Amino acid sequence: PELSVSRDSGTFSLTAKDGPIHQYQGRYNCYASNVLGTAVSNEARIVTENTPTLQKEKKVSKKVEEGESVVLPCNPPNSTVAPVIHWMDKKLRHIQQNERVIQGRDGNLYFSHVTEADSRDDYTCNTQFPSARIIVLKEPIKLTVVPSNSVVRNRRPQMMRPTGPSSSYLVLSGQNLDLECIAQGLPSPKIQWIRKDGVLSESRTSKDSYDRVLRFKNISVSDSGEYQCTATNLQGIITHTYSVTVEAAPFWTKEPKSQLYSPGETVKLECKADGIPSPEVTWSINDIDPDPRRSVKHGVLTLKNVELSDTAVYQCKAVNKHSSILINAYVYVIELPPQILTEDGVMYSVAEGQMIELACETFGSPRPNVTWMSQLLDGSLQISNASLNDSGQYTCTVSNSRITITAELDVLNKTVIVKPPLALRIQRGKPATLTCEYQVDSRQDAPQVQWRKNLQKLTESSDSDKYMIDESTLIIPDVKEEDEGTYTCEVITTLDIAEASGSITVVDRPDPPTQIQMTEPKDRSVTLSWTPGDDHNSPVLGTVCFSCLGNSLSVRSQYLMHVNLLYYLLIFSPIYVKCCMNLYFNGPGFEYKVMWRKVLGSGPSWHIKSIKSPPLIITDVGNFSAFEIKVQAVNEMGEGPEPKSTIGYSGEDYPLEAPLNVGVDLISSTAIKVVWAPIKRETVRGRLQGYKVMYCISLMYYGPESRREHVREGKPSNISFVMTDSNEEMKVLGDLLPYSHYALSVSVINNKGEGPQSDPLTFHTPEGVPGPPSSLLLDSPSETEMILHWTPPSQPNGILKGYILRYQQGALTDSLIHFHQEGAALSPLMLVSASSLSVTEREQNECLLICIVLSFFCPGKGTWKHSERVNSSQSFYTLRGLQSGSEYRLKIDFKNKTLWEDEIQTAGVRKGFVTESWFIGLISALVLLLLVLLILCFIKRSKGGKYSVKEKEEGQIDSEARPMNNEGFGEYSDNEEKRTASQPSLCEDSKLCTDDALDDYANSNSVQTEVIMDESLASQSSGVRDVPDPGTQESSPLNPATAISHHGLPNSAALLD
């Protein structure tokens, strides 16, 4: 059939419209050609098959007695791809499998023996073909188990699958293989696998299906051999042997290289392949067999005196019975000028005694000939065992040309270990120290020192004090038996490695002898024999035999013989002495003479104490003081040999003082350097082990809404600490939190424990880069818009200044939007005047090109007011009719959905009741009334004239006798008079209340004045009362209560008609 190939590639695909797929079954090769030759791909194979279908079959029923074995067949449809088989019931529940009931690789269900509970009529085999995406359901099988008429007897195992005593398997390397062993029997047999011709590899095999399957994954040639399955129960055993043969498809062991050649050269293309069985290797040129002038021998194609026409693609093909492989090699015959590809002036460094290659890579056709000392085939210069004299400049030259490059070689002194670790013999429980002193060329960086025990790396762990590594020193504080071994020190630089080894041998006192036997007893002698105990890597110096008299009451004295080994031990805590056994008392009155004195400051005198037996406890000797100690044996005959002194130390105590002058230097927002003054050694009261730096967060700053004065108290429960060496007075602390308040203290450590802490020192870490927002959500209400919601970062690490939002449309544009925030939520609103608001877009790229509606209302007043439909592509929109200094709630709606909502406030001063019309009218009326009163007062004063008190009184009497048009005028009550008297007149403080003013008033034209008054003012004056009783009020005209009525009008004026 014709194949439709994709443009610019050699790929073709098959679809239903290409016709029946069966016509494409076969083997395929892809050819790619141009003017330089034709390349060929490896062979591809297409296998087609019909969709698996279920053939019509009869319903199966089986009837067996209890205890018998049975097989329920599945018989899945044939397919090149193994199906997945499931045995289920009619409710699609899996049939439970175990050692008695198991599914075989062939899909059948095997019962080693049946029970009455196995009876059912819905054993269904479901066959699934994943590639075809179909499941084939078989007809249900009915199994009936009837009780046996006799007692069910046990049966010896018999093979059910595979049958017979042996079977053979052929598999290709790299494939998977399952060996199956299913046996019947009562009770169910146990399965065991072995390899008959070797050891069964647990790493290359696994067991499955209750040990009924031995599985090989990615099998190799080494797995070829014989395997045996053994099935065992109480009645016997049965075995089956599997012969596994692993062969291999062809694979390349050496591939030909594609290269450039010049005319006249000889080309050798080497092609080697392997496989089981061995493949046949053939050559072709552009997929055509080569001509006779080209020779092929042992897979090597030789082309002599090549020409430009020999440019081609050469194919090497390897074939055996399993498959074939093909590889292309490109031979390009061309003439090109020579050139050097390696950079000029390269600097090389090498340690003395090492090998170095100076590169000189060339290109050209014919191949350039490079000249310098003992170069390699690729043009590089190789110098073995470099010495200091090899330092200098080297030149690489291409023959028959002027092309050269230079290279500089610097040979450094090799790294040497001047003091290697020693071979130590250490008693168990004692410390061991291995030292490795080295010397490195000063031009190299500081080396790395790596310790190994029996070739395994050793590391210092903060959780364990097993190993203490201090640069070139390894310390084991407490040696145990497992610490015995070879210890290697490696000094690693960038150029070389030096190593040296030492060892630790753990020694201990010998074990006591065993199997003591006493033979050949005589009157005064006996022969003893025994088996020596373990010497624990320490040679036995001798064996001491001693005896003591027993407590037997027999006539003949009986000696109890004991055997022990010679051993001495000295322990101090603070000064504890254990001495030797009483074998060497040599007389009565034996005791120990213990002598001690301080090493420093106590002079030559010794303190002496005699004791009968150890130990001796000496008190009040101070903390961690060095003592010189001697113990001498004494009896009644005199003193024993003069002992040698030894140095011991009293116990340690907790340090007395904390470090002083603790300071902090800020390195970054997350790191500081802590420094302190060295501690006085006498206050340590022990061996200084180092310093402990403790620190914790006391306050943490949060933003962006908070400033430095707004803090939240942090709980100092998360206390951290670091340890230093004894010679360190500085420590760098990292991984601190930016923009936080820390407290730290430093204490001294000795073997006893930790001393007091220094005074807490507080410091602030500067601001750092904030963390990412805690969340970022995208809401897309329509196809043309997006809404982003985010929450502030959980670690602001300072005061947030704003956010940067990056977005990109496709792969063409990249925009950047800045949102700046200062203590408030981000908002797209901008205040432009006292009575209008504008909603603006920050970037033109945010234009949604949709119609939106802006709505607003004043909280507590009225309802929502809506604008007309607005196109979002507008740069702004103005809302009018707002009041200055008022709060509003504003929202943007699109298709009955609120896109944004916020509260805003307009600029200016908010209007109150002072701007209302009623209030302005009231104030105007009051101002007008006050103006009229002032005018009246001024007129009254300008009239002038005087009158006597008598005339005034007569005028008042005449007025009372005259009739009134308004009968109610002039009537009053006592209460009203009192209220009038208590209120001062408007003119109370003016000169209108003087005698001269009253005299002038008598001659004035008061009647005319009353007539032209405003009608409303006259009505206010109608409340004037009669003259009060002279007995209760003074009738003097100076009394304002009698001379002036309400509203400042004279009583005489109020009585005129």
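Our numbering is plain: 1 for the first residue shown, then up by one each step along the chain.
Yeah, the Cβs are placed from backbone N, Cα and C, and that goes for glycine too.
Just so you know, TrEMBL annotations never went through curation; they're auto-generated.
Per TrEMBL, the feature domain 'Ig-like' maps to 52-135 (among others).
Mean pLDDT for the domain 'Ig-like' (157-245) in this predicted model: 94. The feature domain 'Ig-like' is assigned by TrEMBL to 157-245 (among others).
Marked as domain 'Ig-like' by TrEMBL: 250-328 (among others).
For 338-406 (among others), the entry in TrEMBL reads domain 'Ig-like'.
Residues annotated as domain 'Ig-like' in TrEMBL: 414-505 (among others).
Per TrEMBL, domain 'Fibronectin type-III' is recorded for 658-768 (among others). With helix defined as DSSP H, G or I and strand as E or B, the domain 'Fibronectin type-III' (658-768) counts 3 helix, 49 strand, 59 coil.
For 772-875 (among others), the entry in TrEMBL reads domain 'Fibronectin type-III'.
Per TrEMBL, transmembrane segment is recorded for 918-939.
Here TrEMBL flags 949-961 as compositional bias 'Basic and acidic residues'.
Summarising the annotation, TrEMBL assigns region 'Disordered' to 949-986 (among others).
Annotation comment: TrEMBL describes 1012-1057 (among others) as region 'Disordered'.
Each of 338-406, 414-505, 658-768 was scored by its Cβ pairs under 8 Å to the domain 'Ig-like' (250-328), and the highest score goes to 338-406. Note: the stretches the domain 'Ig-like' (157-245) and the domain 'Ig-like' (52-135) are in contact (3+ CB pairs below 8 A, sequence gap of 6 or more). Helix, strand and coil counts under DSSP for the domain 'Ig-like' (414-505) come to 3 helix, 48 strand, 41 coil. With DSSP classes pooled into helix, strand and coil, the tally for the domain 'Ig-like' (338-406) is 3 helix, 32 strand, 34 coil.
Taking DSSP states H, G and I as helix and E and B as strand, the domain 'Ig-like' (250-328) has 3 helix, 44 strand, 32 coil.
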